[in-house]
Amino acid sequence: MIVVTDGSRILGLGDLGVQGIGIAIGKLDLYVAAAGINPQRVLPVMIDVGTNNEKLLKNPLYLGLQQHRLDGDEYIAVIDEFMEAVFTRWPNVIVQFEDFQSKWAFKLLQRYRNAHRMFNDDVQGTAGVAIAGLLGAVRAQGRPMIDFPKQKIVVAGAGSAGIGVVNAARKTMARMLGNTEHAFDSAKSQFWVVDANGLITDKRENIDPDALPFARNTNEAGRQGLREGSSLVEVVRQVRPDVLLGLSGVGGLFSKEVLEALKGSTSAKPAIFAMSNPTKNAECTPEEAFSIVGDNIIFASGSPFRDVDLGNGQIGHSNQGNNMYLFPGIGLGTLLSGSRIISDGMLQAAAERLAAYITEDEVLKGMIFPPISKIRDITKEVAAAVVKEAVEEDLAEGYRDIDARELQKICQNEEEVLEYVENSMWSPEYPTLVYKRG
C-alpha cells in the first residue's frame, strides 16, 4: 500500500507543504491496525512540488522546496512520472491519493482510475462514508434503504469532498432506481448545492465543471422561491430537506438561523451531517443541533464529539463518519480480489455493507455508524463486499495462489469470503519479525 500526498490541502489546515507527510504515515498506520496490512509493505510518499504557503516560504527552518507550487502541465508531468515509476516497480501496489487540493483531486482521479489500482480518499472515501451515513439515516427514519432516492438533500460545500459525495449519492440513487440513464438524470433533482456564493444555479458565471450537473434550473428554483445565490438559510427554509449535509470546511456554518430553519423539514427525523475536519471546522456541534432542532434528529460529524445527554435517560448519539470505516476495507478488498482498478460498484458495495452493519435496534436509537472498537470486523466485512463486487463485475484476477476461478467459488458462500479475508489480515499477535533491543 502506498498513500501519497502533495501536502496542498491537509484536512482543514490548508497547504502544509512537506509537513503534510504526517497524513500519509497516519493513514498507513490505520491500514495496519484496521486491515492487517503488513507494516513492512506500506510506503508513505510526499511529492514536494513547492508550497504556496507564504509563512513556509519565508521560514528558514522549512525543510521543503522554498518555491511556489508547480502548476499545469509541469505539475501533471511530475505525478505521471511518479505513477509510472511506482507501478513499474510494484505492479500490484494500491495507491491512495490523500489531501490533494480540489483543483487537482478530481482531475488526477479521472486521469488514473481506469488504468491503475488507485483511489482518492477525500473524494471517494469521504463519499462512501457519507453514503453509508445517508443510507443509515433513511433506516433511522424508520424507512427501508430503498427509499433513499426520495430524500431531499441540501449540501453546503462544492469542493472535492462536497461534489464527490453528491456524485456518489446520485449514483447510489440511480442504482436503486434501476441504473438507467433516466434514473441517473432524474436523481440529480434531489440535491441543492450551496457554496460560498450561495445556491448554485445555471445562471452562475464561471461555474466549476464538476458542480455543473447539480446547478439548479433557474425557473424551477424560482417556483420554490429561490434564485441564483440564495443563502443557505433560504434554501433550507424553502426546500425543507430530509438531510442537511455540510462539507464546507467552514466552522459554525450551520448557525442558529440555519438550524431553526431545519425545524420545518418534511422528515419526522431530519439528519444533520457536519462532516468538515478538524473539529474547529465542523459546521455545528451536536449540542447545538439537538438543542436547537430538537431531540428527534440524527447527527453525524467528521470529527469526534461526545454524545449529548438529552435528560430522561435519553442519549443524543454523535455519530462520527470517519473515513477509517471504509478505506482500509477498500484497499484490502481490492488487493485480495486482484482487480486492476477500483470501480464505482466496488466503492458502492463497501458503503452499502457499512450501512447494513448497524443492527435495527441501534439504528432506531439514532446510531448510524458502528463503534470504532469493532474496526477489524467492520474492515473484514467491507473488504468481503469489495471482493464479491469485483468478482461480480468480472474484474477479479485473484491473489497469490487463489486464481479468478477459485475466487468465484469462494464468493458463492458468504462465510467463505469472510474467512478468506480474515486469514489474509496480518495481526500483531503473530508478527513476522520479532524486534529486539540492541
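A Cβ is built for glycine as well, from the same backbone N, Cα and C atoms used for every other residue.
Taken from TrEMBL as is:
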{"type": "BINDING", "residues": "Arg9, Asn277, Asn322", "note": "(S)-malate binding site"}
{"type": "BINDING", "residues": "Glu98, Asp99, Asp122", "note": "divalent metal cation binding site"}
{"type": "DOMAIN", "residues": "1-113", "note": "domain 'Malic enzyme N-terminal'"}
{"type": "DOMAIN", "residues": "123-391", "note": "domain 'Malic enzyme NAD-binding'"}
May I have the list of same-chain residues other than Glu98, Asp99, Asp122 whose Cβ is within 8 Å of the Cβ centroid of the recorded divalent metal cation site, in sequence order?
Thr5, Arg9, Ile10, Ile23, Phe97, Phe100, Ala105, Asn120, Asp121
Measuring Cα to Cα, how many angstrom lie between Glu98 (divalent metal cation binding site) and Asn322 ((S)-malate binding site)?
14
Cβ-Cβ neighbours of Asp122 (divalent metal cation binding site) (radius 10 Å):
26
Let's check the environment of Asp99 (divalent metal cation binding site): how many other CB atoms sit within 10 Å of its CB?
25
How big is the Cα-to-Cα gap, in Å, between Asp99 (divalent metal cation binding site) and Asn322 ((S)-malate binding site)?
15
Residue pair Asn322 ((S)-malate binding site), Asp122 (divalent metal cation binding site) - Cα distance, angstrom, rounded:
11
Span of Arg9, Asn277, Asn322 around (S)-malate - largest C-alpha separation, Å:
18
Inside 10 Å of the Cβ of Arg9 ((S)-malate binding site), count up the other Cβ atoms and send me the figure.
25
For Asp122 (divalent metal cation binding site) and Arg9 ((S)-malate binding site), what Cα-Cα distance in Å is obtained after rounding to a whole number?
10
Residue counts (helix, strand, coil, in that order) that DSSP gives for the domain 'Malic enzyme N-terminal' (1-113):
56 helix, 13 strand, 44 coil
Predicted model, mean pLDDT over the domain 'Malic enzyme N-terminal' (1-113):
96
Just checking, which of Glu98, Asn322 (binding-site residues) has the fewest C-beta atoms within 10 Å of its C-beta?
Asn322
List every residue in the same chain as Asn277 ((S)-malate binding site), at least 6 positions away in sequence, whose Cβ is under 8 Å from its Cβ.
Leu11, Gly12, Gly302, Ser303
